[in-house]
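Student: Have a look at this one before I ask anything.
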C-alpha cells in the first residue's frame, strides 16, 4: 500500500490503499517505540484512545452508536491516518474501524421512525446499505481484500506509532519505525476464518454488488402487496444489461460452481423475438426472492460480516489497553487477562455474538410461513457455527487446565477411610472402659438436705409458701455406694413462670396524613429510546431486566411505569 493511507472516513472518493512497495527507511531497526516514549507522549495517548474507539466500533451492537463514533473520531482520524505507516497494529485497527463503519454504521433498509434508526444517539448516516451504487460496493470489496492481506502479515500486531507532527512539520520524522515483515503467518493463512468464511463473505459482497444495478427498485417491488401495476416500479433496460455484465465480471463465465451467480442469472430471461435481456415477471421474482431470503437479506449480511470482522480482530490484535481497564461502553465479556493469540504478537479476546444481536432490522414479507422457515434455517446455521467454535474453545481450555491440575479423588478417599477407622476405634475403646470415677467436689455430703414446697389448697394462709425442712438420713453404706456409682444427671427444671405480665406494650401509632403526590414527570426522549432498545434486547415483559440494563436513563422510573409507557408508545 503505497502512500500509507488506509481507507478514509472523510473522503469516500479516496480508494483503499494501492498495492506498492514498502517503506525503505524502516529496514534496519526493530526498536519498540511504544516502550521508549514518555507515558504522556501524544502519540502513545492517541494510540490508546484510538484503539479503544476502534474496539467499540466493532463490538457495539448499536448502529446509532457506530454513527456517533464516526463523528467523535474525525479529529483523530485526520491526525493519524495521513501520517502513519502502512503496516502494524494501528494501521490494521484503522482499516477495521473504517470498513465496519462503511458497512455496519447504517441501516440496511430505510426506517420511517428516526428514533429506531439511530438507537437514540441522534446520529444517522444519510444513505442506507440498499442505496449503495456498484462503485461503493467495489470499494468495499477492495478494502475487504486488502484488510485480509494486511492481517495475514506477521507484523499485523506490531506497534508502529505515527510520525510526531507539529504545526510546522511536513510529515517527516527522525524516529525510525520497527522493521516490517510482510511474510504470511501460516497459522492464520490456513484457518477457517481467513479461507472458507472469507470466501463466503466475499461472494456475498459480489452478489449484492451485482444486485445494486437494479436496487432499490427491485426491493420496493418485492415489498408490494400486488403486482398489477408493474409500471409503478420501472427498471431501465440499461441497468438490466449492466446487471448481466456485472455477473460475468464478478463470477466469471462458469456459473455452475457459484450458487450466487446461478441465483442472479435466474432473475433474467432472454426473449427470442427481440433477442434482448429482460427480468422475469414480478411473481416469478417474488418466488425466487422468498425462497432465497437468506442471500437477499442485507441485515443478515451485516450481521455475518460483523461477526467475521470481530473474529479477525480477536485472532490477530490484542485487546485495547483502555478497554481492559473498563473504559468505553463495550468491555470484555470473558475476562480482561491477555492470552497469546495465533499471531504471537498480541493477546486474544474471545467474545461471541449473542442471540440478541443476530437480527436488529426485520423486513415485512407477505408469505409469513416462508419467512418463518427462513428464520429457523438461519438460526440453525448460526447455532451450528457457534457450537463448533464453542466446542473447540472448550477443548482447548480444558486441555490447558488439566496440564497443571492433579485429581484429588484418591487423596480424599484415603482421608475418608482413615477418619472412619479412627472414629470406630474410639467408639470401641469408650465402650470397653469402666465407669468414670466422680470427682470429690461433686460427691454428696452426709449433711445434705432435701427441701420440699407444699402447693396444697387446703393449707392455711400462714402455712402457704412455708417450706418443710426434712432431714434426710443417709446411711453409710448408701453413701459409699453412691460414691462408686458416680454422679447422675439431675431432673429437667420446670419451665420458668414469671410473676409479671410479659405482654408487649401497645405502641401508639400516629395517623399522619400521606404526603401529597407530586406532579408526574413526563418521559424524555432518552427514556423512550431506552425502553424501545430494552424491548428489542430482552423482549416485552422483561421490565426489571430493562430497568437494570438501562439504569442510568431509567433511574427515576419503576418497572410498572416502564410497562405503562411501553403500552402508551404502542397505542
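Using N, Cα and C of the backbone, Cβ positions are placed for all residues, glycine too.
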Student: Need the matching range: TrEMBL marks region 'Disordered' on one of 352-394, 524-566, and I'd like to know which.
Tutor: 352-394
Student: Quick test of your reading of TrEMBL: among 1-26, 27-52, where does it put region 'Disordered'?
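Tutor: Region 'Disordered', as annotated by TrEMBL, spans 1-26.
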Student: Within the domain 'HTH myb-type' (519-571), count helix residues (DSSP H, G, I), strand residues (E, B) and coil residues, in that order.
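Tutor: The breakdown for the domain 'HTH myb-type' (519-571) reads 33 helix, 0 strand, 20 coil.
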